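Novice: Okay, these came from TrEMBL:
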BINDING   Gly15, Ser21, Ile22, Asp66, Val67, Ile95, Lys167  NAD(+) binding site
ACT_SITE  Tyr150  active site, proton acceptor
ACT_SITE  Tyr160  active site, proton acceptor
Amino acid sequence: MAYNLLKGKKGIIFGALDEKSIAWRTALRCHEEGAQLVLTNAPVALRMGEINKLAEAVNAPVVGADVTSMDDLKKLFEEAMKHFGGKVDFILHSIGMSLNVRKNKHYTEIDYGFNQKTLDISAMSLHRVLRTAWEMDAISDWGSVVALTYIAAQRVFPDYNEMADAKALLEGVARNFGYHYGVKKKVRINTVSQSPTKTTAGSGVKGFDGFISYAEKMSPLGNASADQCADYCVTLFSDLTKMVTMQNLFHDGGFSFTGVTQAVIEQMEK
Ligand SMILES: NC(=O)c1ccc[n+]([C@@H]2O[C@H](COP(=O)([O-])OP(=O)(O)OC[C@H]3O[C@@H](n4cnc5c(N)ncnc54)[C@H](O)[C@@H]3O)[C@@H](O)[C@H]2O)c1
């Protein structure tokens, strides 16, 4: 059901790779709620061609940008503002990539060159996006920025590897830039900490199937799906959440505050 929550709003969505991507699901929901969109992803992801299907469905242009390139980001905001005929009201940062995970390097043996790249793509990219927007004055007053994160930033999930550190840094950037952008332009910046979700990035984590069913059992409401995450992001982009900023918001069916569940106890007693 649509409520016209984003009628008249204009947003940039980073990170729709295929139809499982949280960004893909969010773009569809934002479109349903009346938003105008610009889609972006790394040039290498665009070459897969999948995103054109989404672009057609939500009637949005696609602009390639590697989030580690300030030039690409500047061009992206220029093109988006040209397309919208004005500033951007909301941004979804839905980007994650770990080179050490990809290369099967254990956390205790990470390659620091890869690690720098991981932190740049997965965390400092939020700073780069915000700084570009700040310098170009590209976000409207009371605009909203959401970045996706995972609870491995607070608690240890060994196979999440260096991405745990990347998420901790990402949440720090959201909080600190959130302060400055709030004071300057009333722009709000939050992270949404999502349940494990079957996507390309998610499935890169070792033992993901065990991980996802453990989280399902440990969450009173069960795991949150990508579509439910999209719904939550819509509320954060809407005018109904104007005073929420600098928060890490758990969207995980209660996992983060649960010590143990009956289902897990029963499993342990088997
Ligand atoms: N899937 C999960 O279990 C889960 C849980 C919590 C949080 N998250 C987070 O949600 C976000 C989206 O991930 P997803 O699960 O939808 O997977 P996904 O693989 O569909 O999305 C990751 C995206 O990052 C993009 N990307 C990688 N390098 C880039 C670069 N240099 N420049 C621009 N874009 C780049 C990829 O092209 C891809 O579109 C990530 O931040 C992820 O960590 C995922």
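Cβ coordinates come from backbone N, Cα and C, glycine included.
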Novice: What whole-number Å value do you get for the CA-CA distance of Gly15 (NAD(+) binding site) and Tyr150 (active site, proton acceptor)?
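Specialist: About 16 Å separate the Cα atoms of these two residues.
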Novice: Given the recorded positions Ser21, Asp66, Ile95, Tyr150, state which is nearest to Tyr160 (active site, proton acceptor) when distance is taken between Cα atoms.
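Specialist: Among Ser21, Asp66, Ile95, Tyr150, Tyr150.
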Novice: Secondary structure at Tyr160 (active site, proton acceptor) (DSSP, helix/strand/coil)?
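Specialist: Once the DSSP labels are grouped into three classes, Tyr160 (active site, proton acceptor) ends up as helix.
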Novice: Fill in the CA-CA distance, Ser21 (NAD(+) binding site) to Tyr150 (active site, proton acceptor), as an integer in Å.
Specialist: 15
Novice: For a Cβ distance below 6 Å to any atom of ligand 1, name the binding-site residues from Gly15, Ser21, Val67, Lys167 that qualify, or say none.
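Specialist: The qualifying binding-site residues are Gly15, Ser21, Val67.
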Novice: Rounding to the nearest whole angstrom, report the longest C-alpha distance spanning Gly15, Ser21, Ile22, Asp66, Val67, Ile95, Lys167, listed for NAD(+).
Specialist: 19
Novice: Which residues in the same chain, at least 6 apart in sequence, have a Cβ under 8 Å from the Cβ of Ile95 (NAD(+) binding site)?
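Specialist: The answer is Phe14, Gly15, Val67, Ile121, Ser122, Ser125.
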Novice: So, in DSSP terms, is Ile22 (NAD(+) binding site) helix, strand, or coil?
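Specialist: The residue in question, Ile22 (NAD(+) binding site), is helix (DSSP, three-state).
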Novice: What is the number of other Cβ atoms found within 10 Å of the Cβ of Asp66 (NAD(+) binding site)?
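Specialist: I count 17 other Cβ atoms within 10 Å of it.
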Novice: Do you know which of the active-site residues Tyr150, Tyr160 has the most other C-beta atoms within 10 angstroms of its C-beta?
Specialist: Tyr150
Novice: With H, G and I counted as helix, E and B as strand and the rest as coil, say where DSSP puts Lys167 (NAD(+) binding site).
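Specialist: Reduced to three states, the DSSP call for Lys167 (NAD(+) binding site) is helix.
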Novice: Could you round the CA separation between Lys167 (NAD(+) binding site) and Tyr150 (active site, proton acceptor) to a whole angstrom and send it over?
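Specialist: That separation, Cα to Cα, works out to 7 Å.
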Novice: 10 Å Cβ neighbour count around Lys167 (NAD(+) binding site)?
Specialist: 25
